[in-house]
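Annotated in TrEMBL:
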type	residues	note
TRANSMEM	64-85	transmembrane segment
TRANSMEM	91-110	transmembrane segment
DOMAIN	92-349	domain 'Fatty acid desaturase'
TRANSMEM	198-220	transmembrane segment
TRANSMEM	240-259	transmembrane segment
Amino acid sequence: QDPFVAFHLDKALVSKYMSPLLIGELAPDEPSFEPSKNKRLVEDFRELRAAVEKMGLLNPNQMFFMLYLCHILLLDVAAWLNIWYFGSSTVPFLFSAMLLGIVQAQAGWLQHDFGHLSVFSSSRWNHWVHKFVIGHLKGAPASWWNHLHFQHHAKPNCFRKDPDVNMHPLFFALGKTLAVELGVKKKKFMPYNHQHKYFFIIGPPALLPLYFQWYIFYFVVQRKQWADLAWMLTFYIRFFLTYSPLLGVKGILGLFLLVRFIESNWFVWVTQMNHIPMNIDYDKNVDWFSTQLQATCNVHHSLFNDWFSGHLNFQIEHHLFPTMPRHNFWKVAPLVKSLCAKHGIEYQCKPLLTAFADIVHSLKDSGELWLDAYLHK
């Protein structure tokens with residue numbers, strides 16, 4: 001029930017689509033609550049959810065998102081004007097690459113808002129604008145994002161259910177339990193005891209330019225998502241037509257790769273700081289609140305941190321209320337903290353640089369656990 005309520009705006013409409021999935025009902029004398037879940041915590045969270053709805057914290061301020069979109073579009077235009085006016089020498093070239101890197105990162109956070117249906121009260125409007133932001137402004141398919149991201153939210157850090165931890169075990173040994181399991185089975189796809197070092201090579205710099213960039217085209221063609229492909233092509237056509245007269249083909253390719261490199265570093269550090277240092281394991285089928293809290297942590301609230309991370313520094317609140325507009329996260333955070341304190345659940349919140357460092361520390365720790373198990377168990 002809690003994931004269903006968390007993900008959908010029009011619950012009556014979605015319920016109609018779910019009716020064919022009904023396979024039966026429990027008899028009155030059958031237990032209706034799984035023993036692996038904390039019943040009192042579930043009830044308290046549902047009370048919190050009701051309070052959040054009553055307080056209007058799920059209602060978006062659309063002006064916030066329109067101004068956010070405007071600041072992205074202005075930076076995009078400024079990047080082109082900079083090269084047009086100052087030329088394509090090294091300094092203006094790098095400055096425009098930096099501006100476009102900001103555009104891509106911030107458009108990434110904005111498409112995330114539309115993808116989570118947190119900007120408009122209508123799902124249809126959210127989906128339409130989502131296609132524009134992720135497709136035309138970023139050159140990526142909305143269907144690909146939806147396919148992966150909602151699996152992540154349903155079961156964060158659950159191996160084989162969260163696609164965000166699929167880099168285990170091919171590239172990294174993630175989480176204490178999974179790392180030891182690999183070592184005991186004598187599996188060594190990579191020298192995991194050095195993963196905290198090679199993360200800086202195959203992680204932040206490489207994810208977008210070397211993997212996502214080609215995989216998104218494979219995804220849309222394989223699944224015949226032709227509308228998404230059309231939106232994506234408008235991004236590449238616009239980029240080529242606007243910059244080719246200024247830079248030529250080699251210059252455009254260099255600018256594009258540099259922008260993706262900047263975006264990739266930004267994206268990986270911000271998205272992994274909330275999850276990689278947390279518990280990563282097989283699904284234990286615990287309640288919704290506990291599932292999210294054991295897999296997510298926060299980063300301190302500040303004007304810069306909010307902007308830099310697209311408010312994903314409030315990852316706990318975002319995971320508990322995925323359709324909540326991000327400008328309200330700071331309002332619900334004290335209520336979530338109180339519920340955590342009541343049930344003895346740790347609510348982690350840390351400085352930005354500490355959160356970055358914890359990614360590396362956690363990779364080092366799980367790598368050492370793998371090596372010990374590999375050599376001695």
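Placement of Cβ uses the backbone N, Cα and C atoms for every residue, glycine included.
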Positions whose Cβ lies under 8 angstroms from the transmembrane segment (240-259), at least six residues beyond its ends: 80, 83-84, 88, 93-94, 96-97, 100-101, 104, 209
Beyond the flanks of the transmembrane segment (64-85) by 6 or more, those residues with Cβ under 8 Å of it: 92-93, 95-97, 99-100, 102-103, 106-107, 110, 113, 119, 133, 137, 242-243, 246-247, 325, 327
Stretch-averaged pLDDT - the domain 'Fatty acid desaturase' (92-349): 96
